[in-house]
Amino acid sequence: TKTISKCYVQVTGMTCASCVANIERNLRREDGIHSILVALMAGKAEVRYNPAVIHPSAIAELIRELGFGATVLENCGEGDGVLELVVRGMTCASCVHKIESTLMKTNGVLYCSVALATNKAHIKYDPEAVGPRDVIQVIKDLGFTTSLVKKDRSASHLDHKQEIRQWKRSFVVSFVFCIPVMGLMIYMMVMNSHPSDAPAHHNTSSEGREAPHSSMLLDYQLLPGLSVMNFLSFLLCVPVQVFGGWHFYIQAYRALKHSTANMDVLVVLATSIAFLYSFIILLVAMAERAQVNPVTFFDTPPMLFVFISLGRWLEHVAKGKTSEALARLISLQATEATIVTLGPDNVLLSEEQVDVELVQRGDIVRVVPGGKFPVDGRVIEGHSMVDESLITGEAMPVTKKPGNTVIAGSINQNGSLLISATHVGADTTLSQIVKLVEEAQTSKAPIQQFADKLSGYFVPFIVAVSVVTLLAWIIIGFVDFEIVEKYFLGYSESISWAEVTIRFAFQASITVLCIACPCSLGLA
């Protein structure tokens, strides 16, 4: 017998099934080519050839001459089948050895490992020489019961419902509390910018408070140093910080644990510092029984959390949409196949129902009217119309007669067909589509990777800048206090100048943090 080798060629530029047919037809005519199998979605051709007559590079050249791009794939391991089995009835290490050694002797089995603790067997095989049913039969003959590891067909790992829920909740909580905070803030701004509404004779009373001013109600001190405005803001801010920011805190903690800084770290830093600073300033003011209400930042955390949780929520909704499409794709896959044994002149000898994962290349599969095609294959016998709209988008049913190819996941309409399986398992068109969509979801766009990389440097940079701001203003204050006095309005004479400087420096550095936090980079 002449030796037959196998090579894989990556083919680019194929657009439809006729390209596949074109390549297969032309290459079959060539000397030294035994068989060729082209997978459209994977863009791969599997060629069996006689190395004495033709070389893989010549095969690639032949494909190039037909107008397609072709490169020979070096790692031919791609074509190996992988099988995961649950084996019951093993009692000790000698059982494991017995199974492994028997399988390794079996023609076509490339690698085998059996774990006694988990009852699992992991087998790699050459689909040309041996198939999953043969492997299972070998193990059964040794006296063990075995079954396939059930694959999760529900695509639950693509489900974003939980994330959508959590970010929606986080957004709603932040939003509900943010509205009154914004209202208060805008009211104060408007009132303070129209001091003319107040009576002209500014009757400044002994405690240093203005006479009836329209924002007086909010400035009114419940306790010395604690105004209504600050108290309300504090009350509204706490639930946002706890419930709205919960997920940010968890993610920031995880990031810091792995000593990386992402946008969550910045969000948490800015909101926590703003919140704690404001809270401490309030306590200090109350302790000092200050007449002038301190400037707090309680409006920052709710507004930040609203913007960012809205962004996260929308992002997960968008991801969920793609995943939904993918879950639908996965649900197209048939779960079982009817395998038939044919005698001479295509006489039916027997048929059996097996799991779709157990269909081997070259098996004859019967597809009844209304049934789904479990694998990609070629029609051997029968005529029928096939609905391929779910995969190709072709609205009208396509006629299939002997020699035509069929695609897994399409629906057989009126006639019974016998097909010979050409692509099974992960090689079917449908599995390839699912794989491509999954890869598209998990891989990041280059610009996104760049943004992630930047934000890795961005966070420490911003923190550094705000620390520099803090130190710079403290130094300026101690060197030349008048500058601080000029910019820091509304500090009362009752506080020492050192404290005014430190307060102002803090205010400036927190402003830096808060402004940098919801930057477009992070949101995008």
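Quick reminder: no glycine exception, Cβ is built from N, Cα and C everywhere.
The domain 'HMA' annotation in TrEMBL covers 5-71 (among others).
Taking DSSP states H, G and I as helix and E and B as strand, the domain 'HMA' (81-147) has 23 helix, 24 strand, 20 coil. Residues or ranges marked as domain 'HMA' in TrEMBL: 81-147 (among others).
Under the heading transmembrane segment, TrEMBL lists 171-190 (among others). Sequence-distant contacts of the transmembrane segment (171-190) (same chain, at least 6 residues past either end, Cβ-Cβ under 8 Å): 215, 218, 229, 232-233, 236-237, 239-240, 243-244, 298-299, 302-303, 305-306, 309-310, 312-313.
Residues 169-171, 173-174, 177-178, 180-181, 184, 188, 271-272, 275, 278-279, 282, 284-291, 293-294, 296, 298-299, 301-302, 305-306, 309 of the same chain sit 6 or more residues outside the transmembrane segment (222-244) yet have a Cβ under 8 Å from a Cβ within it. Annotation comment: TrEMBL describes 222-244 (among others) as transmembrane segment.
Within the chain, the transmembrane segment (265-286) has long-range Cβ neighbours (under 8 A, six or more residues past its boundaries) at 223-226, 230, 233-234, 237, 241, 245, 248-249, 252, 255-256, 293-298, 300-301, 304-305, 308, 455, 458-459, 462-463, 503, 506, 510, 513-514, 516-518, 522. According to TrEMBL, the transmembrane segment annotation covers 265-286 (among others).
Feature annotation from TrEMBL assigns transmembrane segment to 292-314 (among others).
Residues or ranges marked as transmembrane segment by TrEMBL: 457-479 (among others).
According to TrEMBL, the feature transmembrane segment maps to 504-523 (among others).
Sorting the domain 'HMA' (5-71) by DSSP state (H, G, I as helix; E, B as strand; all else coil) yields 22 helix, 24 strand, 21 coil. Across the residues of the domain 'HMA' (81-147), the predicted structure has a mean pLDDT of 88.
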